[in-house]
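Colleague: Got a structure for you, questions after.
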Amino acid sequence: MAKRDYYETLGCDRGADDTVLKASYRKLAMKWHPDRSQGNGEAEVMFKEVNEAYEVLKDPQKRAAYDRFGHAAFENGGGGGPGFGNDFASSFADIFDDLFGGAMNRGRGGGQQRGRGADLRYNMEITLEEAFSGKTAQIKIPTSVSCETCSGTGAKPGTQPKACRMCGGAGKIRHAQGFFTLERTCPNCQGRGSVIEDPCSDCGGAGRVTRERNLSVQIPAGVEDGTRIRLGGEGEAGVRGGAAGDLYIFLSIEPHTFFQREGADLYCRVPISMVTAALGGTVEVPTIDGDKSKVKIPEGTQSQKRFRLSGKGMPIMRARNHGDMYVQVVVETPQKLTKRQKELLAEFEKDSSGETHPESTGFFAKVKEFFQGAAGEGA
């Protein structure tokens, strides 16, 4: 009996692109899948036809050959069409992978291929003082580690993985189809060439188990909020003896009650009395290293004046110098004055001149000029 046209089988025209072909294939494969139509002989036949058609049309080379020669391109003496013979199991595996996310292959004793372990992330919060001095932190992380019972092989102690019968240990399956020789990854062993018939009882054949590990992490001085520290090989254990992933420590710095940080510089606000601002003096301010520094306040200091303490900021990573510390003074206005204090301030105000309050005098002079000018324009 003549075979149906592959495009007709999938319900697509000859100009259909890969997206259209795949969408049609998925729809029909779901419709005719044997698990959904048990006992329906027609469904099994249709499922095989859909699979065969898609196996050819999804491959650019095979599709080109089919478009030119038709079914004759795949005749090979034995009459087996594409997707059958040794490659038939592979075709079914592809369908299950496409429809069910690879669950079929995961249940086949082959397990996963050898591969690198996943990277891990660990969030750590430190204080500004710890960022200044650096620290050694002890952390605990739950992670997959290589199974000690089977040394990461996944096989029961005393046994070894055996060569895959489907591919003969090659990890690939070759199949001649007309003018072409096709090569596929073996669906039974997922390309490893071996399968585990007696899995390790501790790891179930995975080669890895979950454990909590204690690690020592060195935090260098001068780290900033958002700094990322990489610990090579401290991530998830590799699959079946593969290389371990990395561990990334992401740092965040707690807000400080006194200091604000901008890069390597520190900023703080210090209140001073009106008398100190007027007469001058010295104030002591705490520094991030736990010490204190004296700041000289000159006579007539205005509120919000900023003073710089060189080298009193944060250490600069990979350098020997430090940032600076900036002290902004805030002049406090006294509250709840006694009668005597009010009298003294009133007397001070009467005795004040333009030189005592240069900014205020200049301000009111400008206001006076403005109103006088406005009155002259209106006359």
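Every residue, even glycine, has its Cβ placed from backbone N, Cα and C.
So Swiss-Prot has the following annotated:
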- 5-70: domain 'J' (DOMAIN)
- 134-212: zinc finger (ZN_FING)
- 147-154: repeat 'CXXCXGXG motif' (REPEAT)
- C147, C150, C200, C203: Zn(2+) 1 binding site (BINDING)
- 164-171: repeat 'CXXCXGXG motif' (REPEAT)
- C164, C167, C186, C189: Zn(2+) 2 binding site (BINDING)
- 186-193: repeat 'CXXCXGXG motif' (REPEAT)
- 200-207: repeat 'CXXCXGXG motif' (REPEAT)
Colleague: For the repeat 'CXXCXGXG motif' (186-193), which stretch among 147-154, 164-171, 200-207 has the most Cβ pairs under 8 A?
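Modeller: Out of the listed stretches, 164-171 contacts the repeat 'CXXCXGXG motif' (186-193) most.
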Colleague: Fill in the CA-CA distance, C203 (Zn(2+) 1 binding site) to C189 (Zn(2+) 2 binding site), as an integer in Å.
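Modeller: Between the alpha carbons of C203 (Zn(2+) 1 binding site) and C189 (Zn(2+) 2 binding site) there are 18 Å.
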Colleague: Quick check: with C147, C150, C200, C203 left out, which same-chain residues have Cβ atoms within 8 Å of the centroid of the Zn(2+) 1 site Cβ atoms?
Modeller: E148, T149, S151, G152, T153, G154, A155, P199, S201, D202, G204, G205, A206, G207, R208, V209
Colleague: Which residues, sitting 6 or more apart from C147 (Zn(2+) 1 binding site) on the same chain, put a CB under 8 Å from its CB?
Modeller: G154, C200, D202, C203, A206, G207, R208, V209
Colleague: Out of C150, C200, C203, give me whichever of these binding-site residues has the highest number of other Cβ atoms within 10 Å.
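Modeller: Comparing the binding-site residues C150, C200, C203, the most crowded Cβ belongs to C150.
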Colleague: Cα of C150 (Zn(2+) 1 binding site) to Cα of C164 (Zn(2+) 2 binding site): how many Å, rounded?
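Modeller: A Cα-Cα distance of 20 Å.
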Colleague: Kindly report the helix/strand/coil residue split of the repeat 'CXXCXGXG motif' (164-171) according to DSSP, in that order.
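Modeller: Helix/strand/coil tally for the repeat 'CXXCXGXG motif' (164-171): 0 helix, 0 strand, 8 coil.
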Colleague: Name the residue among the binding-site residues C167, C189 whose Cβ has the smallest number of other Cβ atoms within 10 Å.
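Modeller: Checked C167, C189; of these binding-site residues, fewest Cβ neighbours within 10 Å: C167.
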Colleague: Using DSSP, break the repeat 'CXXCXGXG motif' (200-207) down into helix, strand and coil residues and give each count.
Modeller: 0 helix, 0 strand, 8 coil
Colleague: By the DSSP assignment reduced to helix, strand and coil, which category contains C150 (Zn(2+) 1 binding site)?
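Modeller: In the DSSP reduction, C150 (Zn(2+) 1 binding site) maps to coil.
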